[in-house]
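*Asks:* The structure's right below; bear with me while I get my questions together.
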Amino acid sequence: VGFKXGVXEYKLTYYTPEXETKDTDILAAFRVTPQPGVPPEEAGXAVAAESSTGTWTTVWTDGLTSLDRYKGRCYHIEPVPGEADQYICYVAYPLDLFEEGSVTNMFTSIVGNVFGFKALRALRLEDLRIPPAYIKTFQGPPHGIQVERDKLNKYGRPLLGCTIKPKLGLSAKNYGRAVYECLRGGLDFTKDDENVNSQPFMRWRDRFLFCAEALYKAQAETGEIKGHYLNATAGTCEEMIKRAVFARELGVPIVMHDYLTGGFTANTSLAHYCRDNGLLLHIHRAMHAVIDRQKNHGIHFRVLAKALRMSGGDHIHAGTVVGKLEGERDITLGFVDLLRDDFIEKDRSRGIYFTQDWVSLPGVIPVASGGIHVWHMPALTEIFGDXSVLQFGGGTLGXPWGNAPGAVANRVALEACVKARNEGRDLAAEGNTIIREASKWSPELAAACEVWKEIKFEFAAVDTLDRE
């Protein structure tokens, strides 16, 4: 074969509309906005090329390998309804392009380079189909939903959490005191804020000690198992593991990590440590909106959520639908199912582009957190169901009577909603009535209801489904 130098159009090699995808391929759905004058086939093929074997010109060394075996292929393109110049381009990647058990390598390949590509005005990775053959190379969540329930001995209801506020500035002793009050009042978990690591006003070791003391005291008083998400996120992997080891030595049930700022390599290491040592792992998604909030550019959160399930985590923040942070209901429920269920059918009405089979990888519990309070409890119980953690930071610590009564109010509201649901009542229609009835016999709940009766965060979601 004679080598022919020069710049060839990408679509000649990488746009193959008739190609059949393999069961072992990783499939990607990209939302592509080409520059004016660039046809969608060329743009789609360019994405496939630049995220797999291609480069800008033909190279001599192409002859030393089998491009047909290794190249990504753009196998289908569809216009986005309601958008003049946007297309969904589907790309299939051969499995051999990826290192086993490495989310880091998967992302470096698929989204590493191509997003700066000049022929594209914008590019967003909307969804990935991870084949069972690749999933089986990952450990996944350290324990998963069922094992967590068994460890905590809590069934048949969502779990309750609270982020300790003010997030920065408390001393370790006062921080521990707030933890104790919330847990004693009836919460299951309290949480380090994502930016609490080890700062001058509160070093990590002191915080770990006082929080452990708080949760043992609360356990003894309530007869329930309690947890505090001790944030092990640190500047180096070694320091992170050191903190996790200390948490294990204290005998606490759960640690926490910021998986996007900490990075997938660190996160996967921590997840392996947690499984080997019986620690649950709570994952915070700090920095996600930088990546996922723009509708036409970046990576959709459902992809970051899938990646986390592969890398490993037992809880992950997944939006509230009703609070202060972004999240359209159908889209949120789509990736909540991707986190929890074993098999998820393709469903474009919920933003799910591919059928995903997790082949028994443990599930992740979605965490609803951010601007929620007792009046939201019926909606949250209905939307998220039992396998979830509902986190009320300000909604606990902002109760007028203090932290413990704030916790009592949340627990009473939750138990009332679960009871009503189990009796067959419609939480969506009767939610306010259910909360009002419960507040008649719980003065703590009545006080909380009074404070937050008018609070709403009324903004339209930025990231919406495409509709005709």
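Placed from the backbone N, Cα and C atoms, the Cβ positions cover glycine too.
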*Asks:* Based on Swiss-Prot, name the residue from S52, S66, S369 that is recorded for the same substrate site as N113, T163, K167, R285, H317.
*Replies:* S369
*Asks:* Can you tell which of N113, S369 has the most other C-beta atoms within 10 Å, given these are the binding-site residues?
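*Replies:* Of the binding-site residues N113, S369, the highest Cβ count within 10 Å belongs to S369.
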*Asks:* Which of K191, H317 has the fewest nearby Cβ atoms, counting only those within 10 Å, among these binding-site residues?
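*Replies:* Output over binding-site residues K191, H317: least Cβ neighbours within 10 Å is H317.
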*Asks:* Tally every other Cβ atom lying within 10 Å of the Cβ atom of R285 (substrate binding site).
*Replies:* 23
*Asks:* Cβ atoms within 10 Å, counted per site: which of K4, K165, K167, H284 has the most, among these recorded positions?
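*Replies:* When each Cβ's neighbours within 10 Å are tallied, H284 tops the list.
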*Asks:* For D193 (Mg(2+) binding site), just count the other CB atoms lying within 10 A of its CB, please.
*Replies:* 18
*Asks:* Expressed to the nearest Å, what is the distance separating K165 (active site, proton acceptor) and D193 (Mg(2+) binding site) at their Cα atoms?
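*Replies:* Distance (Cα to Cα, whole Å): 8 Å.
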